[in-house]
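Undergrad: Once you've had a glance at the structure underneath, I'll fire off some questions.
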Amino acid sequence: MAEESAMDRFCGSEFWNSSLSWWTEDPDLTPCFEQTALVWTPCAFFWLFMLFDFWYLKASLDKNIPWSKISIAKLLFTIGLLVITILDLIMAFVKKGGDSELPRYSLDVWGPIIKIATFLLVLLFIPLNRKFGVQTSGCQFMFWFLFVILSIPRCRTEARAHQQRNEILDSNQEEIPDYSWEEYQFVSFFIFYAFACVMLFLNCFSDAMPRQTKYKRGPNEIPELSASFLSRITYRWFDSMALKGYRNPLEEDDLWDLRPQDSCKEVMPTFAYYWNKNVRKNYKQAAQTSEPKAQFANGKVSFENPQGNGRKKGMASIMPPIYKSFGGIFLFGSFFKLIADVLTFAQPQVLSLIIGYVEAFETTPQPEWKGILYSVLLFVLASIQTFILAQYFHRMFIVGLRIRTALINCIYRKALRISNAARKESTVGEIVNLMAVDAQRFMDLTTYLNMLWSAPLQIGLALYFLWQELGPSVLAGLAVMIIMIPLNGFIASRIKTYQIQQMTYKDKRVKLMNEVLSGIKVLKLYAWEPSFEKQVLDIRDKEIATLRSTAYLNASTSFLWSCAPFLVSLVTFATYVLIDENNVLDAKKTFVSLSLFNILRFPLTMLPMLITNLVQTQVSVKRINKFLNSEELDPNNVQHDKSRPHPIIIENGHFSWGDEDETTLKNISMEVPKNNLVAIVGTVGSGKSSVVQAILGEMEKISGSVNTVGRLAYVPQQAWIQNATVRDNILFGKAYDRKRYNRVIDACALRTDIEILSAGDLTEIGEKGINLSGGQKQRISLARAVYNDADLYLLDDPLSAVDAHVGKHIFEEVIGPKGMLKNKTRVLVTHGITFLPQVDNIYVMKAGQVSENGTYAQLLKNKGAFADFLIQHLQDGEEEEEDLNQIKRQLSENAEPELLAPIEKAIKLARTESLSDSISVTSADSLMGRGSLRRRARRQESYDSAASAASLKRKQEVEGKLIETEKSQTGGVEFAVYKHYIKSVGIFLSVATLVLNFAFQAFQIGSNIWLTQWSNDKEVETNTAKRDMYLGVYGAFGFAQGIVCLIMNLGIDLGALRAAKILHMLLLSNMLRVPMWFYDTTPVGRIMSRFSKDVDTLDQKLVEVVNDGLWCAFEVLATIVVISISTPIFLAVIVPIGFIYYFAQRFYVATSRQLMRLESVSRSPIYSHFGETVTGVSTIRAYTVEDRFIEESDNKVDKNQVCKYPSLIANRWLAIRLEMVGNLIILFASLFAVLGGQSNPGLVGLSVSYALQVTQTLNWLVRMSSDIETNIVSVERIKEYGETKQEAAWELEEDKKKPKNWPADGRVEFSNFQVRYREGLDLVLRGVSFNISGGEKVGIVGRTGAGKSSLTLALFRIIESAGGKIIIDGEDIAQLGLHMLRSRLTIIPQDPVLFSGSLRANLDPFDVKTDEEIWKALELSHLKAFAKGLTSGLNHEISEGGDNLSVGQRQLVCLARALLRKTKVLVLDEATAAVDLETDDLIQKTIRSEFKDCTVLTIAHRLNTIMDSDKVIVLDKGQITEFASPTELLDNPKSAFYSMAKDANLV
């Protein structure tokens, strides 16, 4: 007998006997091995991984699980096991050693002790897990699983021994041995084993729900939280969702709640904590403060301002906080990846054993059980790898999700605090892109990131094993790989430059599209679409050109990569056979090397992908860092010192808009005593609004001080309205108090407006308040401030867009000394002078300085700027009779005699003109001349008292929804969509791609079968010529593969680009041609996402996915073909396996597709809410409701995660199921090869090495097929918008016959004209008929909603007639092309819309006018001085939305546009709302002189603007009630016009 080992002595018997265990037909293990190695392995595992269990206890968010049947059973059975083991120990002392003849060995003592210790630990975890709310433990499950599996050999041994003992006992021998110890062991072991099996079974389930949870766990909680370990690793808990999604398309209510660990509430505090630490490190601070770990105590997370403290050391980067916050899970995931990588390399080793087994089949056959063992081993390795990889990817996705959450929220919080100067640097679109594109990048990257270490590791291991097969010739192959790397690096860097270029073009295009869509109404009115379409397409062409260059580069990379593995194997094999005559390729060497080369292929392919991905993410990191490090508003711009005497004080303030050199406001000093009303007046551009911004702290303070005490409310000049209901806009986060709310609505004269709206105050308002008039927006904005009940009110010209009468009402009811705000401190910027006598103090602004201040009386005495301002006003004839008397009274008391004369004259003039218009308050009954305004506002007439209240409410809910909810399509993507895409790519290219893919696989299989032939050919050993022939043909096959691959990739890339170009053109041209109502019901953000995200998918994503998908499909086909050639019986298995595969795939695709759709629908609200926030940021800051908005944003992100998380899990769910199918293919391919008596080792090697690849490919195939479906949705969405109903043609052939100067006279005739805004709505104009002769000036009056604007929109055919016609100069306008019509009419629209670009492009986008004409127009519109003062003159860049001009200047630019066009018909739409009276006067004068021989239609706000017109049209409820000259109407006391005048005390 051989030397005794330590283990032999420990057991008292042999530990390992290879002739018993290996070299035999009937293998068995020694009892010593069974009782030591096989028991201690699971125990060691448990002691090692117990650390994870402790970590889970610490990390658990829950506590206190009640006792349940399972936990009690676990406890009892563990105690049972302990008892049995202790009994074993006692029996060992009783039966063995000492007096008994059986010696006692160490094993008898130490064996039970080790088990006892382990079971005690298991026992300890039962109460611990209960206490800390851990419902399942993976470590324990694995322990019991290993324990049960590894005890199986001992079962067999014990059973056999028992049988032998019984035979001896039955054989009637004289001396029957004493078997009591063996019998005891037999009984005790089987009871023990039964208990262990029960424990394994119990560990398959999870414990009851914890009683205490940190977050409330609803009925809809995600099953994962309480799923058992087994269910978690197989993702069984997801089955219910997969099934539900397969039966019916999933809806949002079917989704589970978010896991608390992934919600903003858990993710943000940690991230903020590390971010702040990092900021402090980067910005040296005077005082070091220690910050407690951030907690979500009050729901607030504060991010420190990188600019705020001390000297700058460098940019604070988001990377360190990301590592620190999410590194833990990431590392845990990486650990899994490491195990999986190592397992990958075990497979080729087993493969070589299988080939060895088949080779020996002819000569010295090995026992069959070895072949089966190898096959099963291969299957087990593959399966372990499957489970481990699933966990790895799962962890990575979670990290990705959390990083995205953290970044989105971080960016959102920053956007609320960024300074105006920093905001100017990037447009709203670009900031939203940070969130949409850059934060998303991180998510895509996390999965790949581990390749940074994993790829080199895999390459190293592969080379090591290859060296063992082929020796130094591997180095030749390695050299080829190394040469490839710089080549690829070069290409990658080129791709990067193109990528950056393409990003800039994309940003430009998206920004331009955003403006086009926001200003679409103006484009249509001016017929300017072609100019902008051309601009967009120009940018798009550049973008496509860069993409095309990228495509060439991409094709060359993929050519290199498809050649690489082949070249490597070719070079290696060639070197191997050529160095030495004795080197012969046999099947084993060939196929083990080939499968190692296959493994090598993955890391080598991934590295370049990873590098480009890293590069893109690097760009994103830079962009995000730049944004997060940009200037923030200095909180010290405004102090809040309570000891100061007045609520608002400014002392010698100098302020700028963040440009260091330009000071906008100089030495401003101002104080507003408590409860006073202070007015700020001055001409356009004198800095009135800037003063308000300075008080808010929105301007950079250069010197001086600002102090405010109390809560602020702010009404901006341009109302900021959220996409919510009217009521939500007014409440603005405050609780609803009905009485107060009604008072506010009456005071702000909103009652009538709310009655007109389809669902009252629950009507949803579109983006940017699209379905409200300017006046309504402003009154809602004011109502929001009044309802807010603050201490200080900053009102920036809130009365500019409302009619004089309403203005007066609002002043009396709200702002003035008797209004709702009488006990508040108010600052009012105003253009009107009527109210000035009633204010406590007036500041007059001139050129950014306070030129004088004082009460009304004092200022008149001064004879300064204010007096000039006043005279100017009176000449405008703006005021009503009583006001004039009052002004006259005040003047005669206060003014100097020499001032009186010009003022008296001005008043006289004003008397003759003054007749005020009471449009929007003249309710239906006032036309009968009833009662005063306030009584009328209170009379709420119920339009349909007959309709029961309930039906009304239902109707309201339906009608109130203006914005149609975005449809997420359900069910499969229709074939039509694919057809559409294939057509766009081109039929020829599509077919060619398929053929080339086929050819590629054919060459690949060819080369592999050729290798088989070569490795099986025994002649090669002696015949060198034959060897060279084999080598040459093998090389040729490879070269053919490369060429085919190159052509294939190029074809597909260029085809996809062609499709992207065609589809984008289709989308763009159609979006410019859809009727206006489409924009009223579709938010701009939704259309924008088609132009940004979906077009981007077409440009880049879709082509990759289609390419990979085809490749996978052909690869799987090839595998099946190869395996079936070598083992035809395999075809029998392929059918059932195919079925399993098909079902998994159907289930998955149905569920996953719907989840993806839900996810993308829930994603847009994040961005649109963000866009809204960025626009209204000054209002949000003024009301200090940042926290509420942050919370809203967080909720939207969480809602998006709710959809995102299941879709990631669906991927894992599928992967596990499919890879198990793949593993079965491996199992059967190898089993049949072993059992089928296959004697050709080459073929066996080939079929098994193909099978080893198939798991990944199968998985990818489904992933790709569903990715294709997901991404083809972009085509579907673009197709859907590309096929929306269009408006009439822009140009018609008949147009060319019309005279160039049509309309020559400007006669306009409406005959029985009817119109509605869109299908299914009521008529807005009901049978309107009137005639206007050429050159007549006509005023149109009527209350809000009477159809004034509809009249003008119909004239331009923005809304098409529903009956009757409009005739201009004898031509029925319905017969004309839209551009023919619109370019021959001119309008000065209500909202002045400007586009970013030069001033010149804003006046004349088609570039047809000369410079002189443009300067002339600027001169007439009083902008010449302004334009001359600009450094670049006509080329002055106007920013997005014209933000760098004041509202008044924008209005003048619109006037200049009208003057440039100078057509026979001019429409003026409430054009004078936002202009101060001086400018208004200029506009009126210009129009009178320049358009004196044109037909002018004016929609009037103030009656004086139409008093000198030839005719007046009075509209009410869509019908003309009066049409005559003003004098004629005033002579008739019964006319509605007369009653309006009477209301204004004019008659």
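Glycine is treated like the rest: Cβ placed from N, Cα and C.
So TrEMBL lists these for the protein:
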| type | residues | note |
| --- | --- | --- |
| TRANSMEM | 37-55 | transmembrane segment |
| TRANSMEM | 75-94 | transmembrane segment |
| TRANSMEM | 133-152 | transmembrane segment |
| TRANSMEM | 186-206 | transmembrane segment |
| TRANSMEM | 321-340 | transmembrane segment |
| DOMAIN | 331-616 | domain 'ABC transmembrane type-1' |
| TRANSMEM | 372-393 | transmembrane segment |
| TRANSMEM | 448-467 | transmembrane segment |
| TRANSMEM | 558-579 | transmembrane segment |
| TRANSMEM | 591-615 | transmembrane segment |
| DOMAIN | 648-872 | domain 'ABC transporter' |
| DOMAIN | 991-1270 | domain 'ABC transmembrane type-1' |
| TRANSMEM | 1031-1050 | transmembrane segment |
| TRANSMEM | 1116-1144 | transmembrane segment |
| TRANSMEM | 1214-1236 | transmembrane segment |
| DOMAIN | 1308-1542 | domain 'ABC transporter' |
Undergrad: Rank 372-393, 1031-1050, 1116-1144 by Cβ pairs under 8 Å to the transmembrane segment (1214-1236) and hand me the top one.
TA: 372-393
Undergrad: Taking the transmembrane segment (321-340) as the first stretch and the transmembrane segment (186-206) as the second, find out whether 3 or more Cβ pairs fall under 8 Å, excluding pairs closer than 6 in sequence.
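TA: No, the transmembrane segment (321-340) does not contact the transmembrane segment (186-206).
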Undergrad: Could you tell me what the rest of the chain brings near the transmembrane segment (558-579), counting residues at least six beyond its ends with Cβ under 8 Å?
TA: 466, 470-474, 476-481, 484, 487-488, 491, 585, 590, 593-594, 597-598, 600-601, 604-605, 608, 1000, 1007, 1027, 1031, 1034-1035, 1038, 1041-1042, 1045-1046, 1049
Undergrad: Average the pLDDT scores across the domain 'ABC transporter' (648-872) and report the rounded value.
TA: 86
Undergrad: Report, as numbers and ranges, every residue of the chain located at least six residues beyond the transmembrane segment (591-615) whose Cβ falls under 8 Å of a Cβ in that stretch; write 'none' if there are none.
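TA: Sequence-remote neighbours of the transmembrane segment (591-615) are 344-345, 347-349, 351-352, 355, 444-445, 448-449, 451-452, 454-456, 458-459, 462, 465-466, 469-470, 477, 481, 484-485, 488-489, 492, 495-496, 499, 557, 561, 564-565, 568-569, 572-573, 1008, 1011, 1015, 1242, 1245-1246, 1248-1249, 1252-1253.
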Undergrad: How about long-range neighbours of the transmembrane segment (448-467): same chain, 6 or more residues beyond its ends, C-beta under 8 Å?
TA: 330, 333-334, 337-338, 341-342, 344-345, 348-349, 392, 396, 474, 477-478, 481, 572, 592-593, 596-597, 599-600, 602-604, 606-607, 609-610, 613
